[in-house]
Amino acid sequence: MKPISPAKSPNSTAQRFCYHATDARGKAVKGEIDAQSIALAKVLLYKQGLTNIRIKPAPKAMFHLQKPIAATDIVLTLRTLSTLIGAGIVLTQALAIASTTTTNVRLKAHLDKLKADIETGHSFAQALTKQPPIFGALTQALIHAGEQSGSLDVMLERVASHSEKQLWLKSRINKALHYPLTVLVVAVAVMAILLIKVVPSFASSFASMGAELPLPTQIVLGLSEFLVAYFWLMLGGILAIIAIMVWRYKTSPSTQKQLATLSLRLPIFGSLIRLSASARFARTLATTFGAGVALNDALALSAKATNHPLFIQATDDVIAKVRAGGSLYTAISHVGLFSPMSLQMIGVGEESGRLVEMLDKVADYHEQQVDAKVDALTGMIEPVMIVVLGLMIGGLVLAMYLPMFNLGATL
């Protein structure tokens, strides 16, 4: 496995160099490294146990594509580190082992940079702050808590388990939202192809018949002529509208809030989105607060985990009330985003000193509800989409054959 150097951080003035060298086993290796100078690059390579180093500036490529770091890669790395540290292996060696086991070049570079920073005297949490936020604020907070309490392996295992549950929840929501959208897009594409490519071939045949066409056939032919004449204009307009909406959403907090409010009011999907956000909030709060993170910081991290503007805004109000001396139950009760059962469980947990346990139960309950709703929704949508597709395509085909049926009836 060839050594890979740390990736260049956004604020670094490092250059990229290519090198050929010999590793500790006498095997020839080559790769790339980022450093401020050739001399510093050689020092970094020597620290990796390489000798006979030949190095030169890397050529500048027009396009530099790297495989993105998947969330599953992060989870696997966290579990690897937890296992190694729990087995008594020091952190820097654990990072080196994790670096050699991952196949993702970008993640490998991040792990090598973390190892180098820790070797210069930084803590794990401090080294993470110098990196692009691939691990996230939650992971950083739990790692900091683990270092302070001397239970880093436990915290790494906890954040890995938390991340796995979040990935599962995300996959279930994506299944519920993406499936009908994908089927709808395919249906529209098929209809467009039929109207633009197939229907015009019928038009000349109908014209030669000289008979008056049925109304459904006239409508289909008119729609076909319109699409053929204005297809690219319509496509450009639709793409422009989508681009404007995306830009507006990213740059306007008021638009984000309006769409977030609308998302919770959608039939069927609104309750699914609310349950998903509530589950993320409860699970993250249980994980962070249970790890010793201060309640206000844990609330802020939990709100961010929901990725929902209304939950984030509501949590700001909750934090303000808690800082003013109010209980968590009282503060959350006023925001109106959580179910009565969730509120009661949080209240009981707070009074009995079992808040973390109750938050985990709230998250479990909401995740079970999400799972059941996704299964029910998928089972309901499949036959509905089949019927809709059948009506769309069947109606178009019938409209094109009606003139032939009428002609046959008159003969």
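Residue positions begin at 1 at the first shown residue.
Cβ coordinates are placed from backbone N, Cα and C, and glycine is handled just like the others.
Straight from TrEMBL, the features:
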DOMAIN    78-200  domain 'Type II secretion system protein GspF'
DOMAIN    281-403  domain 'Type II secretion system protein GspF'
TRANSMEM  176-199  transmembrane segment
TRANSMEM  219-247  transmembrane segment
TRANSMEM  383-402  transmembrane segment
**Item:** Chain residues in Cβ proximity to the transmembrane segment (219-247) (below 8 Å; excluding those fewer than six residues from its ends, i.e. six or more beyond)
**Value:** 192, 195-196, 199-200, 202-203, 206, 213, 396, 399-400
**Asked** Reported in the order helix, strand, coil, what are the DSSP residue counts of the domain 'Type II secretion system protein GspF' (281-403)?
**Response** 105 helix, 0 strand, 18 coil
**Request:** Helix, strand, coil: count each for the residues of the domain 'Type II secretion system protein GspF' (78-200), based on DSSP.
**Result:** 104 helix, 0 strand, 19 coil
